[in-house]
Amino acid sequence: MLSPGNSSDCIVGFLDDTYDVYNRLAFINYTAKYNLKHSVRTLSNDHYGTLSATCSLLKDGIVALLGPRTEANSQIVRSVCYSKDIPHIETRWDDNLQKSSFTVNMSPHPEVYSSIIAALVRSKGWKSFALFYDDRSSLSRITGLLKVVWESTIFIKRLDPKNSGNYRPALKEARKNGYTRFVIDCDIDRLSAVLMQALQIGLMVRENSYIITNLDLQTINLEPYKYSETNITGLRMVNPDSEAAIMLADSIHDTQYAYLDGFHEPIRDILSNDIRLETALLMDGLHLLHLALESLPKNTDSCISSSLCYNDLSYHHGATILGSLKMITFNGITGPVKLDNFGCRREFQLDIVELHESGLITVGSWHVENGITYLATGDEKLDNLENNNFTVITTLTAPYGMLKESEKPLSGNDRFEGFAIDIIHELSLIEKFNYTIIIREDKANGDWNNATGQWSGMIGDVLKGVAHLAIADLTITSERKEAVDFTTPFLNLGVSILYRKPTKALPNFFSFAAPFAVEVWMWIGGAYFVTSMSLFIMGRLCPSEWTNPYPCVENPEYLINQFSMKNSFWFMLGSILQQGSEIAPIGYATRMTAGAWWFFTLIMVSTYTANLAAFLTTESSDRPFNDVYDLIKKADKLGIKYGAKAKGATEAFFRGSRNDEFKQVYNYFDAHPDVMVKENHDGVVRADKGHYAFFMESVSIEYEVQRFCRLTQVGEMLDDKGYGIAMIKNATYRHRLNTALLKLQENGKIMELKRKWWEERRGGGQCGTERKTDEAPPLTLKHVGGVFWVTVGGTAVAILLVFLEMLAYILKKSVRHKKPFWIEVREEFKFYFKCRGLVKPVRYLEHTANESRSPMTGENRIEQLPDKRGSEQKDEDINYEFLPDIANMKS
Ligand code: GLU
């Protein structure tokens, strides 16, 4: 016996006559969720026992009673509840439509359900079919079908449970009569055996079709029939992917552990797919009761009933609770819950499912207003999507899908907001379809699992028919495209790196050299050396550079040259440092060389100055790495880890890449599972802490860097792809959705939504728009190569000129001395290639040789000039020559 602990605890009674569902569910802690306490009585099959169990519950002060499940027991409980004003909630299939006024039933109304089965058969256009049923409750479901009799030929046969589970004779008879379409209505515990026997006798073939009326079809093992190509259609009231169903599965699982703990029995995981309709109805019934109790006044005695079987009292709030039970509507595990004035459930929603290789797929739905609507999946394209009901799955990944922040409790689609949610909403406005958003809690977008041979995440959900559409940051990849269809992309992106912003670098000691790249400095050095050497050589070769050291002496004894090696280098250095020197070239060739160098100097110095200014005004930064290649090389040395979202498109990109470096990234992921994160947000938080580079998609990076101001994108995008909406292959609505998406793109709606969610909402624009302070890049040879070529060109012209000048001079000399030209050439070159000595003796003609002019007095003197190589050596080779024009040329 149980008594209410305090005024807010209401006790609800359970009558369990199967030692099954209710008994197990009784261990779920309702108190936390519903503020209800439970009191359970187990029933045997005698009426007196039922009556005394009900009366004993009344003693506990129950405010409502749930159960039992069998009809015989139910009659007694109903009449007790009716006489004591105790609201009574049933979940069983009730084909006895006479109800007492204190009983409500959560299961679909038999009349309505029967008409749905008839509509389903009619929608398939079946003109003849075999109908198998198994008990009396079956009959109430198939009465609707019997109305189809006049349109069709029906073969009706009972699957007699007394036949020790052998249904083959009935099935064979239908086959013998040539039936290929079958409607099967039987208890879920027998359904597996019926289908298995149909398979055994060869009735599960491509040509055959089945309609299964039992609403628990998804709870049995359909694996053996998946590949038979038989068309198996069923109806489903529990959406195994609804949040409530998943939660329920979890709590049943925990409960079983608690329940069975003492027995140490191993139990398998309960999945939301295993939830039978009656369990779901019970949970929805409790939820409804909980909501109804909210309507009670907050008195201390509201939740206590003092009516007993053997007194005259009845529960004075019973009628209020009952009224509320019939008024309240909500979205439960079994879809929209709404009871009519008689406590019957006539308004509900069903999914029409079909068995495919990937499992049960939703192909349509039934709704009280629209009747049966199919989401056709053939080759035809739908002309419009008006009134189609789509289930849209998404993940709570910012900014694509998020929970709305609101003080008021929200329900349905209203609970969510975000970029993807807005896109679906806009599409629904254009195409006028209805949609229900469901959430994939684990944020898995979809990855192929080799071990299970199945797709996980939202892609798996689309394939299993859990949802018609999947939208989020769902990347279109070639692998996914083989399994599902995508709309055209609504956002374009590529993989990039999210990392901490670089710190500002201290100015470099050699920052003055920064304007030019090292190679340019080297080339400048090379150019300086080569041009100085050219000037030196040309100075020697160029006759005009040999000048009279004493301009007043008309016939000097020797000539001098200013371009020694030292002077040549000094002259060039003076030019490039813009200081000049006292040396001035005289010959055409040397002037040409000097001109080319000055031009080079002018351009290089101005370029250097300009770029230096740019360098001094921008701050350089300490980037640990500049791109993915850099990261791979330096990661170890810098102690940087890198990762991506596990089982996402980014990981798949590296896994499938042929690029060696990218393969290396994947191998690293593989070897270090700790670097992978479950969802993008985890990666972002980790990157923000430092020493972690997160491979992420560029649009998502764009979103995060506006909120995490220490983060930035590093490097370019590594690939080019897009986000799309996924749906099953050859979906007839794909074309319409594509057209609607294109419209949204063309009218700028998508960009508008992107701006809204990226920049304006939820902390957008927090970090401000970063001023682009790109560091000035050092100038490379590509930028200044032309100047070098001009210098080379100038020097080349100078070389040509020097040879011309020299040849003219030698020619003139050979004529004057009447000596063969080549001998003169040889003599000249002999002198030049000594490569030393900047004094050139002068040869004069015989008739003038004896007349020497004193440099001091101007008087003519006959004198043998000392030989520079030694006075004692007689030089027969040298004839001192008179060159009247030398002095003039000097200027
Ligand atoms: N958009 C990715 C996907 O569809 C998830 C994020 C990622 O892998 O970077 O799987």
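Quick reminder: no glycine exception, Cβ is built from N, Cα and C everywhere.
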Binding-site annotation, TrEMBL, L-glutamate: partner of THR475, ARG480, THR650 in GLU426, GLU431, GLU519, GLU697: GLU697
Recorded disulfide counterpart of CYS767 (TrEMBL; options CYS709, CYS835): CYS709
Whole-number mean of pLDDT values that fall within the domain 'Ionotropic glutamate receptor C-terminal' (389-760): 89
Recorded positions near ligand 1 among ARG480, ARG655, CYS709, LYS743, CYS767 (Cβ under 6 Å): none
Nearest-integer angstrom distance between the alpha carbons (Cα) of LYS743 (site 'Interaction with the cone snail toxin Con-ikot-ikot') and ARG480 (L-glutamate binding site): 25
Length of the line joining the Cα atoms of ARG655 (site 'Interaction with the cone snail toxin Con-ikot-ikot') and ARG480 (L-glutamate binding site), in Å: 14
For the L-glutamate site built from THR475, ARG480, THR650, GLU697, further residues of that chain with CB within 8 A of the site's CB center: ASN445, ASP473, LEU474, ILE476, THR477, VAL495, GLY648, ALA649, ALA652, PHE653, LYS721, TYR723
Nearest of the binding-site residues (THR475, ARG480, THR650, GLU697) to CYS767 (disulfide bond), judged by Cα-Cα distance: GLU697
Among ARG480, ARG655, LYS743, which are recorded positions, the residue with the most C-beta atoms within 10 angstroms of its C-beta: ARG480
Binding-site residues listed as THR475, THR650, least Cβ neighbours within 10 Å: THR475
